[in-house]
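So that you can see what the record holds, here are the features copied from Swiss-Prot:
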BINDING   T87, R196, Y197, M238  heme binding site
DOMAIN    976-1138  domain 'NEAT 2'
REPEAT    687-710  repeat 'LRR 7'
REPEAT    734-757  repeat 'LRR 9'
SIGNAL    1-26  signal peptide
Amino acid sequence: MKKISKCAFVAISALVLIQATQTVKSQEPLVQSQLVTTVALTQDNRLLVEEIGPYASQSAGKEYYKHIEKIIVDNDVYEKSLEGERTFDINYQGIKINADLIKDGKHELTIVNKKDGDILITFIKKGDKVTFISAQKLGTTDHQDSLKKDVLSDKTVPQNQGTQKVVKSGKNTANLSLITKLSQEDGAILFPEIDRYSDNKQIKALTQQITKVTVNGTVYKDLISDSVKDTNGWVSNMTGLHLGTKAFKDGENTIVISSKGFEDVTITVTKKDGQIHFVSAKQKQHVTAEDRQSTKLDVTTLEKAIKEADAIIAKESNKDAVKDLAEKLQVIKDSYKEIKDSKLLADTHRLLKDTIESYQAGEVSINNLTEGTYTLNFKANKENSEESSMLQGAFDKRAKLVVKADGTMEISMLNTALGQFLIDFSIESKGTYPAAVRKQVGQKDINGSYIRSEFTMPIDDLDKLHKGAVLVSAMGGQESDLNHYDKYTKLDMTFSKTVTKGWSGYQVETDDKEKGVGTERLEKVLVKLGKDLDGDGKLSKTELEQIRGELRLDHYELTDISLLKHAKNITELHLDGNQITEIPKELFSQMKQLRFLNLRSNHLTYLDKDTFKSNAQLRELYLSSNFIHSLEGGLFQSLHHLEQLDLSKNRIGRLCDNPFEGLSRLTSLGFAENSLEEIPEKALEPLTSLNFIDLSQNNLALLPKTIEKLRALSTIVASRNHITRIDNISFKNLPKLSVLDLSTNEISNLPNGIFKQNNQLTKLDFFNNLLTQVEESVFPDVETLNLDVKFNQIKSVSPKVRALIGQHKLTPQKHIAKLEASLDGEKIKYHQAFSLLDLYYWEQKTNSAIDKELVSVEEYQQLLQEKGSDTVSLLNDMQVDWSIVIQLQKKASNGQYVTVDEKLLSNDPKDDLTGEFSLKDPGTYRIRKALITKKFATQKEHIYLTSNDILVAKGPHSHQKDLVENGLRALNQKQLRDGIYYLNASMLKTDLASESMSNKAINHRVTLVVKKGVSYLEVEFRGIKVGKMLGYLGELSYFVDGYQRDLAGKPVGRTKKAEVVSYFTDVTGLPLADRYGKNYPKVLRMKLIEQAKKDGLVPLQVFVPIMDAISKGSGLQTVFMRLDWASLTTEKAKVVKETNNPQENSHLTSTDQLKGPQNRQQEKTPTSPPSAATGIANLTDLLAKKATGQSTQETSKTDDTDKAEKLKQLVRDHQTSIEGKTAKDTKTKKSDKKHRSNQQSNGEESSSRYHLIAGLSSFMIVALGFIIGRKTLFK
């Protein structure tokens, strides 16, 4: 394990402390809660609720924390903050509350959560120990206020005289807990809680339907959006309700708010010395018979469990096996309809479910296992500690255990988070750490990496404490440490004393199913966010139309968002971090006011050109980290107000001639990490307001010429391309240019005066290029330039240029390495004088502005002597992983070098200073070497070296090749006259052996047209059948002479688009169009390249839209057409009918062929989720609605005391058994703790190293939580 620097340790320790918790099990009766069952006190005096938080073991805990507003401890409000006495924080451990002001004694702690309901926790604190007493859920905000004395006063329900009791509407005044404050503005006041976009559906409905506002009897006017300053007017907007203060007087003031369907809200405020203060907010409450009926407990869930139990009993032939279940079920059936206590109802449901699960589970002791598969639970703590390890949250709570016939066991565990940082994992078995088999499962992220991994390994005695071992790059682990378990971070692992027979999958898989699929999942999310106004568990068109302002749907794993087409009043929409594969064409058509749209990190492959047609108000559009391969012409033409556009991290390999039409106000364009080889001449012309462009990490050989026309540009980033020169750009036309980043390219020359007139330049970055000299005449007349020319081929610079370099260093330079290539027969040999590792270490140790520059190899070697170690060891001490790639490259027709052979040195190797490659063909070659570094799962090429060029006139085996070429050249010797010829052709993959799928899409008899001595190929394409769908070629390009094949056999070089001779048409004769595209070419013509006359191979680039829709990125393919010159003839042979050809002509005869899978799916009616239970209505509303009528009859009641008592006794017995089991688990836990204590006494020597690593691990989890920003990080 690499050492951790003192500076890093100090910084980390300042943010995260490694603490152990002490938990004492309550000796008092435990009031069960589904979410909170324990509270602990950490050594840094923080109350810890570990069952709620982003990494909680239950999915409910992971969701609940998101909506916590504050915490109240004995009437003292605690706010979320890292500093202050009355504060709390939520991190990977759970909720941590500052306990500095909490004295010894009994306390009540309320977690305030308006969406999911408050939780009241009672506990006793004594010294450094906490005893948990109870936790009770108080209900959501809409329900809980009926339980609090300060919310609703007692209600009187008068009754009519007569034989039938009729409940009249009784009214009292009650305080409203959601309207509690105001803020004073200039000539106005604001009630922020009276919010038309409130998450509370009652407040939201009341605000949106306000009909009148009066202040001291003066009727106020709705000013819509005008200023209310010093007026008798009001405005309701996104910040709340604003009132002008013109009608306010000194002393008490009364504000009455009337709203359709609601009783009036009366707010009292006082004014003194110009200051206005909130006093109260009240509203009349009423109780009707209808209300009373609505308070009847919902037994739907219990009845569902009763049906489940009935089915089990009916199916079980061995009635003794279900005797206990049957007896308890009968008691519940006899009395559940008379339950009036919600707690008793919940306990009854739990009793029945526990009995069912006990029957189904068939729990088995870990000491009595037979052959089979089991479900196992585990606990992972930091080594020699009671505090949970990060592994507890990074792995699924369930583990799979397989017991084989010979008694040996194998355990499988699923890593669900931070997988990109986890290098390896193992659990000690029989005193050693077995190598685990890692299986990547589930979905991939945008970089092609799997999010989840399953680790499987042998394990022995489950009854003892096991040591776990993790190798994590974020904790200093390196790939070179793999299987060196002494360098792994250790943790303590214990397993449950019983296992469950069978295996139903990991918990995350169960959670995924519960979330629903398609629109059902989106609907569930919207319901959870409070957008279901009528409480029926569904989202109607009307409810969707009521969604206004900002809507955050990021990181919910959504796949289908078509439901949002009715949400026409959204102005800001966050959809990043989901799994959306397509955007329905009309999805945003009604969102006329949409100003912000974030679709980052989804699975989009294609956007229809009309997607944003109706969104003229859009200002910011983020489409990065998707799989988009191309941009439709006119896609953005309606976005006249767009200012920010990010298309980074996609698969865009080509642009149409005018992809940015209409974006005259765009100021920032992100296009990094795509596959662009060139940008069309006019593509950037509409971007007249652009001041920032990022083209980094593409395959550009030149900057686009039109960039010089964008006079507003201030920043150009084009690093990590293949740019060889910049003299095609007149930078003098960019007067505002401030930053130019061209680092890591292949620029060898800077023309004189190229930046002479760019007086606004503040930064020029040419790091890691091939510059041999830098003259003063290149730069403007400025004092400093922040010029970076490190890692070039520069031997010296003038004092003026040295001043422009500023705090950067000039050394090291690449020429120091002296990488040289030479031809030796049929081999190219290389030799290098100075290691890549030394160049890298030299740069790293002099990178800081305060570091002294080393200007010679001798000074660097002196540094090594002072360090007293070799370069490999020094880099390992810096926690760097690296590899070295050595490539043989050949020059292609486009001037770029293509790698045709390579060697990879991995696992922190020494540099290979000498070596050789075998040659295959004539051409221009060079050697390229690159150092690839990896830190914290981020890998990049840091520095490269190139040798001199080697010209090979004839390759090996040239005599044999000449014979082949001479045979093919006989075609030319015939001196073909102008005319039409025919020959056979087939389509091959780049391995030149396998048949390409496109082989089924061509007429295998191609036409050779000779015109004025120039040969052209004409190829007829056909429809290609994919399953039941029919697709067509979208575009065809061919590689010109001089192309080269890379290591994978893929051609690299310049391409030209083939000429379209004719298009496919439909039955009406119009150009064929379907959901994937239109104007599909049928016959195409291309010039026959000279190389094809020699080897019969024509390299092509084809794009098939339907293939890309089926599998992202698969639509654009490189293939070879193989020509059979032996079949050349002047007679057009009849085309043999092919059985796998889906269509013999260009006409479609069925409209079904035009329908894609989505069109057919849209014809089906989507299934809606079942309706939620009605729940309690007006009595528990924070805002009372007006009565719509009175009940005519009160339901008669019956009371069977014996049955109710029998049920209560059954519940009490069940709770007692649970408490007994809990006490036993506590005793076992104490025993394990004592065992660990004995181990700890023997492990003091490694303790300090452990705390160092543990501290770093805690910090990295916190930091990465912010970086990754995933709501479902540790699922």
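Quick reminder: no glycine exception, Cβ is built from N, Cα and C everywhere.
According to DSSP, T87 (heme binding site) is assigned to a strand segment.
Of all Cβ atoms in the shown protein chains, 11 besides its own fall within 10 Å of the Cβ of M238 (heme binding site). Least packed by the Cβ count within 10 Å, out of the binding-site residues T87, R196, is T87. Taking every pair among T87, R196, Y197, M238, the residues recorded as binding heme, the greatest CA to CA distance is 30 Å.
Secondary structure of the repeat 'LRR 9' (734-757) per DSSP, as helix, strand and coil residue counts: 0 helix, 3 strand, 21 coil. Per-residue confidence over the domain 'NEAT 2' (976-1138) averages out at a pLDDT of 84.
Across the repeat 'LRR 7' (687-710), DSSP helix (H, G, I), strand (E, B) and coil residues number 5 helix, 3 strand, 16 coil. Secondary structure at Y197 (heme binding site), taken from DSSP and collapsed to helix, strand or coil, is coil.
DSSP assigns M238 (heme binding site) to coil in the three-state reduction, placing it in neither a helix nor a strand. On its own chain, Y197 (heme binding site) has K204, M238, R548, G549, E550 as residues at least 6 apart in sequence with a Cβ closer than 8 Å to its own Cβ.
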